[in-house]
Amino acid sequence: PGCATCTGPEPCLASYNWVFRTTLLTFSVMCAGFTVVLVLYMYQHRKVKVFKVASPIFLTITLLGCAFMYLEMAAIFPILDTYSCIATKWTRHMGFCVTYTALLMKTWRVSLTYRVKSAHKVKLTDKQLLQWMVPILLVMLIYLGTWTLSAPPTAEKIVDQNGLIFKQCS
């Protein structure tokens, strides 16, 4: 089964290690779920000084970006086709961009605050930082959209050392 032309009773497709795949999926979904629980905990305790100073909005954005990256495994779990390969690339890259752009904005605020040499303090609000974050994410969306339209990732058939066929995203 799985061959274009049969040469005998032996299979052509490499078999999945379902226990391992299910374990990885379970771990990924649990991590994503735990990340969402952290978001809810942080929202519930947003008035606590440590969360208030750390900017709850950007902590939430960072955690949700991480949860988005965790869901990459869920995209390729059942079958591997062009759509799941696209979903894998999008979850990985958008999650990374969201997470690290939020961290960059927080770091930038600290940098600007301590770089000012004047007597009065610079106050950068979360709203201002979000306005600077949106164009970065928009560039990433345009990049991923262009990449997907021009050269969408596909599920390529690869032959292992035993002559068995398996699929991998290009």
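Just so you know, glycine gets a Cβ as well, placed from its N, Cα and C.
TrEMBL does not curate its annotations; it predicts them automatically.
Feature annotations, courtesy of TrEMBL:
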TRANSMEM  18-43  transmembrane segment
DOMAIN    20-170  domain 'G-protein coupled receptors family 3 profile'
TRANSMEM  50-70  transmembrane segment
TRANSMEM  90-108  transmembrane segment
TRANSMEM  129-149  transmembrane segment
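Using a Cβ-Cβ cut-off under 8 Å and counting only residues 6 or more beyond its ends in the same chain, the transmembrane segment (18-43) has close neighbours at 51, 56, 59-60, 63-64, 66-67, 70-74, 77. Taking Cβ pairs closer than 8 Å, the transmembrane segment (50-70) reaches residues 28-29, 31-32, 35-36, 38-39, 42-43, 91-92, 94-100, 102-103, 105-106, 109, 126, 129-130, 133 in its own chain, all 6 or more past its ends. Sequence-distant neighbours of the transmembrane segment (90-108) (same chain, 6+ residues past either end, Cβ-Cβ under 8 Å): 54-55, 58, 61-62, 64-72, 75, 129-130, 132-133, 136-137, 140-141, 144, 148. In the predicted model, the domain 'G-protein coupled receptors family 3 profile' (20-170) shows an average pLDDT of 91.
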